[in-house]
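Sharing the features that TrEMBL gives for it:
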- 19-423: domain 'Aldehyde dehydrogenase' (DOMAIN)
- Glu209: active site (ACT_SITE)
- Cys243: active site (ACT_SITE)
Amino acid sequence: NPYAGLVSHLRATWLSGKTRPMEYRVAQLEALGRFLDEKKQDILEATALDMGKPSFEAYFTEILLCKNELNDTLNNLCHWMKDEHVDKNLVTQLDSAFIRKDPYGVVLIIAPWNYPIHLFLVPLIGAIAAGNCVVVKPSETTKNTERLVAEMLTCYLDNDCFAVVTAGVEETTRLLENKFDYIFFTGTPSVGRIVMTAAAKHLTPVTLELGGKNPCYVSDTCDVQNVAQRVAWGRFFNVGQTCIAPDYVLCSVEMQEKLMPALREAITEFFGSNPRESPDFGRIVGDKQFRRIRALLCSGRVAIGGQTDEKERYIAPTVLADVLPSDPAMQEEIFGPILPIVVVASVDEAIDFINARPRPLAIYAFSCDSKVVNQVLERTSSGGFCGNDTLMHVTLTSLPFGGIGNSGLGKYHGKFTFDTFTHHRGCLHRNMGLEALNALRYPPYSQQKLGLLTATFEIKRKGMCTLL
């Protein structure tokens, strides 16, 4: 296997204990901060070349949010690493019971192309903070960013502990044949199944950050202009190539009619009368992706946009009206600048529609009535939820980010990333003396011993807790 030597080298380094001291982890994390600061312009240029990403969007997602994760980790790492002491029973009162935060070992991070810096760097921050050695596999689809990461990241990190592998599908398959102690994958459900199958051969735990069709319910009682702006921003940010973008709108016929002019106005305000000329609207990442998204335009009727240019890989910000559940746009995650609107009669019908489909990565609900928003929250299941806005929940390092069911497995961001790459090791350190206390558990057994054992080990039920 072409990667066996690399993995063996990293494992030997990890076994030496080099990555365990807090000072070492902090030094490597600070090096990542220098990478973001010193290569800021290179990152902006590479993402612009790969997918026409506006510098505003690239700075916000690929640099600012990454620095937030980094600083949150550096601010709290000392506390996160500490042993966590836990409650004890009567028998162990004189002993030490604690949770040790151990690194897994050698971990693999496989990143996608849509946010090619953010989606490898945020898990990498947590993996380093937890004390692991890491192999990073950036996406081969965004060639310029892949080259930047491969050539520059190794100049900042300790190459005995961290490696970047550039690989296509065939090479990644060979890479997955190696035994890793944890695998973190971001991508599609179909590839996620392949990764999980490869991990199962070594009983390797995984985090799978996948996608899905994220529903956006809009009730009849809402500020239409605000909804239009927030939904249009979430859908057309990064040209819709965002795993948590609102994938389709559910609303009444009346609300669809109100939303159309408001969405048209929002799109014009954001990108001008001709979005193709806007410096704030990017391009589809590749020809294959362009053709797949363009084929979805036959769904419903094109109410706004619909223009395409294959040479530029340009698809205009598009809204499709009167889309049926059987239409092509409703059969797969869109991952492009197309927003279908599906008509439902009520919030109950919208909830039934959502629950009849695989659980998404995010659910959005808009209403001036908080009871309606809470109704959608309480009666559905998804990786995350955001009421009266889109995407913004992902900006908080205090919230876990991850999917459920078809949209993924596991969670990260902030301390959740550190915990993901950490084995929480249950530890009990007992006193060598006081052997008389242990006599209750030793044979020969008796009813008297059992009674005393029960009294010292039993956890008794307390009063009912109430949710405030």
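Cβ coordinates come from backbone N, Cα and C, glycine included.
Whatever TrEMBL says is automated annotation, not expert-curated.
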How long is the line from the C-alpha of Glu209 (active site) to the C-alpha of Cys243 (active site), rounded to the nearest angstrom?
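Cα-Cα distance, Glu209 (active site) to Cys243 (active site): 9 Å.
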For Cys243 (active site), just count the other CB atoms lying within 10 A of its CB, please.
27
Which number gives the other C-beta atoms within 10 angstroms of the C-beta of Glu209 (active site), all protein chains shown included?
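Result for Glu209 (active site): 25 neighbouring Cβ atoms inside 10 Å.
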